[in-house]
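For reference, the structure is listed below as structure tokens.
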Amino acid sequence: MDTFLFTSESVNEGHPDKLCDQISDAVLDACLEQDPDSKVACETCTKTNLVMIFGEITTKANLDYEKIVRDTCRAVGFVSEDVGLDADNCKVLVNIEQQSPDIAQGVHGHLTKRPEEIGAGDQGHMFGYATDETPELMPLSHVLATKLGARLTEVRKNGTCPWLRPDGKTQVTVEYFNDHGAMVPIRVHTVLISTQHDETVTNDEIAADLKEHVIKPIVPEKFLDEKTIFHLNPSGRFVIGGPHGDAGLTGRKIIIDTYGGWGAHGGGAFSGKDPTKVDRSGAYIVRQAAKSIVASGLARRCIVQVSYAIGVPEPLSVFVDTYATGKIPDKEILKIVKESFDFRPGMIAINLDLKRGGNGRFLKTAAYGHFGRDDPDFTWEVVKPLKAEKAQE
């Protein structure tokens, strides 16, 4: 059997780039909660003892930006300089301006356009991907790396592994078989975990705890064998972490946010952006399209691309490729997709309820992936049943 190796990585919520994503989305949530028509483009950067948020926000919401920043850092676990950042004593800089009136008139006519008339907030192209290799219809390498990262945070916060600190990275290599275009996972080849830790713990204890409390509950036994390689804190020391170890920036983890290197990516990040930004809303609707194609049995694996021009509601192009796994020709699936999904940004916002913030709705997306999550707030994960005969009508 001819097999190949494919690797996906993840970082958990204490990684400086991911901290920035979460702060940007916490700001978005707060804006949308008070004013669903908020226009938000919020970037965050961080380094030792400093967090800065900057960007363009037009909103009726009355917000305490500094409090949002500190609350988000504290919730992640950055409560002292020892762990990489002290949420209550770090410096917080805020440099937020209004959305450019040039953009506002072109995209939403200063809030006068009807939903179906709202133009894309920018040009760009976005991809959605789905594969039948996991129940989530997501790539296994990505699912395992992501779940290991989430589990790392869980055992830190519930006290199972008190030596853990917030920052950490995971990476999983899976051996695959290509079954006529569909991906079939055979085994897990390598598991890599690098996690921040305190001064009290030995490397042997780290390895033992990670195997017992993180890997064992997450990686199904059927994928592990005596040849599986484990790299557990291979650098030997990771005490300094978070923004103290590395600078962080919103939008630096777009592959972790999506499909772990599978499919394709148009380059646009998600966090801190309201739904007129097609980087986010466009990527969400094509995930729903790709997932619906696979869930409906039209293909075993699928990628969907959409593209936009600033100020124009209708997409410039829609593309479907099923990697030769389609039950009907790709051009027929494309026809079904165009009939079943409305790709206009204003309509995506309505159909996926993307103007609803609050309750950490978008904050939740900002760590452990935007796709393949079992949570009613992730409206783009709802499958639309698609029927083959639709194309023949």
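Glycine is treated like the rest: Cβ placed from N, Cα and C.
Going by what Swiss-Prot states, the L-methionine site holds Q99, D246, K277, and the candidate of E56, E154, E199, E332 recorded there is E56. Reported as a whole number, the C-alpha separation between E9 (Mg(2+) binding site) and E56 (L-methionine binding site) equals 31 Å. In terms of C-alpha distance, the listed binding-site residues E43, E56, Q99, K277 place E43 closest to R237 (ATP binding site). Take the binding-site residues R237, K253, K273, K277: by the count of other Cβ atoms within 10 Å of each Cβ, the lowest one is R237. Ranking the binding-site residues E43, Q99, K277 by the distance of their Cα atoms from the Cα of D246 (ATP binding site) places E43 first.
The subset of binding-site residues (H15, E43, K253) lying with their Cα within 10 Å of the Cα of E56 (L-methionine binding site) consists of E43, given in sequence order.
Nearest by CA distance to G168 (ATP binding site), out of the binding-site residues E43, Q99, K277, is E43.
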